[in-house]
Amino acid sequence: MSSWYFSHLTLIQGMLISIPLALSVQIALRSGVFSFASIGFYGVGAYGTGILTMRGWPVLPAMLLMIVASGVVAYLMSAPLIRLRGLYLGMVTFAFDLILTVVATNGGELTGGALGLLGVPLGMGTGGLLAAALVAIVLVSQLERRSVGRALVGIKASEELVMSVGVDLKSRKRTVFAISAALGALSGSLYVSTFSTVSPTSAGFTLIITTLTMAVIGGTSSWIGAVIGTVIITWLPTMAATIGEYQHLVYGVVLVLVVMYAPEGVLGALRWLWRRLAPKVRMARPSGGAALAATGPPGGPPPDRGAEAEAEPVPADRVKG
Amino acid sequence: MTQQMINGAVLCAVYVLFSLGLTLSWGALDVLNLAHGALMMFSAFTAYVVTQHLDLPLALLFVIGVGTAGVCTLLLDVIVFRHIRAKVADKRQSELLTLIAGVGAAGIPVTLAVAYTHDSPFGIGHLDWSSYSLGGGAQISTIQIVIIALGAVLCTALALWVSRTRTGRALRAVAFDGETAELMGVNTRALSAVTMLIAGSLAGLAGMLLVIYLGALTPGSGEPFMLKGFAIIILGSVGSVWGTAIGAVVLAATETVVISQTSGTWVDAISFAIILLVILLRPQGVVGKGLAERV
Amino acid sequence: MPLLEIANVSVRYGAVTAVRDFSGSVGDGDVVVVLGANGAGKSSLLRSIVGLAPKAGGRVTFDGRDITRWRTNRISRAGIALVPEGRRIFSPLSVQDNLLIGGYGNTNRSEKARLLGDIYDRFPVLAERRHRQAGLLSGGEQQMLAFGRALMSSPRLMMMDEPSMGLAPVAVDTVMSTVQSIAASGIAVLMVEQNAAMAQELATSAIVMERGEIIEVDSTGRIKAGVGSLSGFVDLPDEPADH
């Protein structure tokens, strides 16, 4: 076991680092915010923490500063952005990610140019990464559970409905934007303090592909999906040795296929299985009579079952039946 | 000064060709194709791979390069985007999935090019073009003339197509309300296929001209072009042909001035600054109107 | 053989059945009116005939050809025009461009020009504003444009989805006389309406729908006020208001 652990340490660490990043994309998509900005904030977090620790800052304060700063900056940035229609927001945040690559490349001594930062002090053990990933998971799952989370889901379900119950939609979206950025910065900070290096390309286009694949393949309707996706994408290259340099090609194909055929991701598939199996489980129970009477006749799905299933967890990607 | 204007005009022509494709599919079909830049690079890359094995005349290389980008974009629409549009009823959701699928699709050509070239620059030769002196030390080469002419001619042709022809009118109708256009007898599927083929071919043409003009591209060359394309179409209003032309002139002029005044490393940041300014000041675009409204 | 024959057509959206087992026909010269409250499935019926709503079952034949699985643009070119609910004018386009889109399937330029002339004669207000943006027209004028646009395809059957909806009483009268003149010119009409008075004036036969099903058919010729169930139905006090 321990030999397995040590030979796979880099992958395990990589997986733990990716979890907050995948969550940052998931939380945005789940709330109907077409934003790739958190991937840019990953770069901000990585470069910021790297630059600070190389100048003698201890790791934790540097990380915290970058996370908080990213959250605050994102909150301020979100004021004009949140008014934008879907595609415009996607475009602007995509442009934001690309421009950060340019900034990093041209930052001179501060960012180390095209080579990036090398020899950033190490400050993260696997335990620390695990703790950070867990904090991110707890934060996002609690957000989903609490009223804030419900309202966020509501943004996607029906903007009019949520507004009619008096939830301030704009401020909700801005909060999502800020949290998403903070999670991105967290992930970047963890990366640089674990692997001691960051370069312009490590936060560029390929990271957008990888992160989106993680979030979408798992399913964006819940934090569980982001975690599932991260696990799959981290371990996929080890399963097939041939993937190697074609890694991002495989991700690209997988991403397209998932979007086309299973937009609710692995999580959606599991839910679907559960919906099919659950009535049978209930039927098998002797006391199931009352429940059955409430939900409809056995054998076929009760007429309002579909509507109920849709209204409750609000699948990220509702498709025409 | 004259020399800078020539360089700026060449840049502008390439930007126009690239951005017209991007704005056409966004304006008419609500498809923001994030693979547009990658496919521009891929057209030059395909031509480069061909030159490694065969000795073909330049015209044939152009056909191959432009055709590759056009057909890939067409296939992307027919296989992926159309599937999403048909399956997902909610428009916002369908736009988001299209966006994500575009990112995924972009990964394919980029990875192929990185793997083949080991992430290094590639070119297709054909660098010798005769130059003509314009006095005052300024020179213009044949390829520069060709690029400027193609930019101007194709932009005008596209504008006339959209505003004056039967299919152009149908495209404007589809841009506003695809279902009703279909109800009027417009074959929206065929029209969207044609539009995507044109959009992709324009990206391919931009890529081919660029690789000959600059001598080389890299697998990552498409990304800064997406940035520039965004800046141009948001400046000129999504879907507007003349707006795109004006946006390209503004960006190319600004970039040319900045390059001549500074070391040039920050030139890509101009696009982003333009995007931010437009978003803050006038999200609906600065020049022109959308495709449905006017050319 | 009737021009349009609908046999056992059903329309379902997920678990919701909008139209159940609808059968009926429209012959040349007929004006068939489908009556019913909101949500009775009238619009879904029209949309399914032109292929905009998926048919869960049944068969539609037009002019002897089975068009059940045809795509919408082909059905339109075959001679069925639908004036959609809410008119759905291409508002950023000019009035003339709207009309020309209506005749999209017709590639014969001179015939198209003749049709355009006919429509301008029939609706002088459209001729006056031909270069105006269509979105700037009044509601009644937009309805005329919607009719004109549909006529541009020289249809044999014109279907109308609540043409009087949301219009001022004066405009409703114009719509009625327009429908009358369209029918008089030999185009078969299948119209969905909530306005019973209008229906009674024009219809050669009427079908009443409720919750996706036919509950009454009157094909005894021109319906007059005597059809108790019709007027009774439409005068229901709790009839849901139109949006």
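Here the Cβ of each residue, glycine as well, is placed from N, Cα and C on the backbone.
Annotation source TrEMBL lists transmembrane segment at B:6-24 (among others). Within its own chain, the transmembrane segment (B:6-24) is flanked in space by residues 32-33, 36-37, 40, 73, 134, 138-140, 144, 147-148, 150-152, 154-155, 158, 195, 198-203, 205-206, 209-210, 213, 225, 228-230, 232-233, 236, 238-241, 244-245, 247-249, 251-253, 255-256, 291, which lie at least six positions past its ends and keep a Cβ under 8 Å from the stretch.
Look at TrEMBL and you will find B:56-84 (among others) tagged as transmembrane segment.
What TrEMBL records for B:96-118 (among others) is transmembrane segment. Remote same-chain partners of the transmembrane segment (B:96-118), defined as residues 6 or more beyond its termini with a Cβ less than 8 Å from a stretch Cβ, comprise 30-39, 41-42, 45, 49, 72, 76, 80-81, 84-85, 88, 218-220, 222.
The annotation transmembrane segment is assigned in TrEMBL to B:138-162 (among others). A Cβ distance under 8 Å defines the sequence-distant neighbours of the transmembrane segment (B:138-162), meaning residues of its chain 6+ beyond its ends; these are 1-3, 6, 9-10, 12-14, 16-17, 20, 24, 129-132, 168, 171-172, 198, 202, 205, 209, 212-213, 241-242, 244-245, 291, 295.
The transmembrane segment annotation in TrEMBL covers B:193-217 (among others).
Feature annotation from TrEMBL assigns transmembrane segment to B:229-253 (among others).
Summarising the annotation, TrEMBL assigns transmembrane segment to B:265-281 (among others).
When Cβ distances are compared across the two stretches, the transmembrane segment (B:193-217) makes contact with the transmembrane segment (B:56-84), since 3 or more pairs at least 6 residues apart fall below 8 angstroms.
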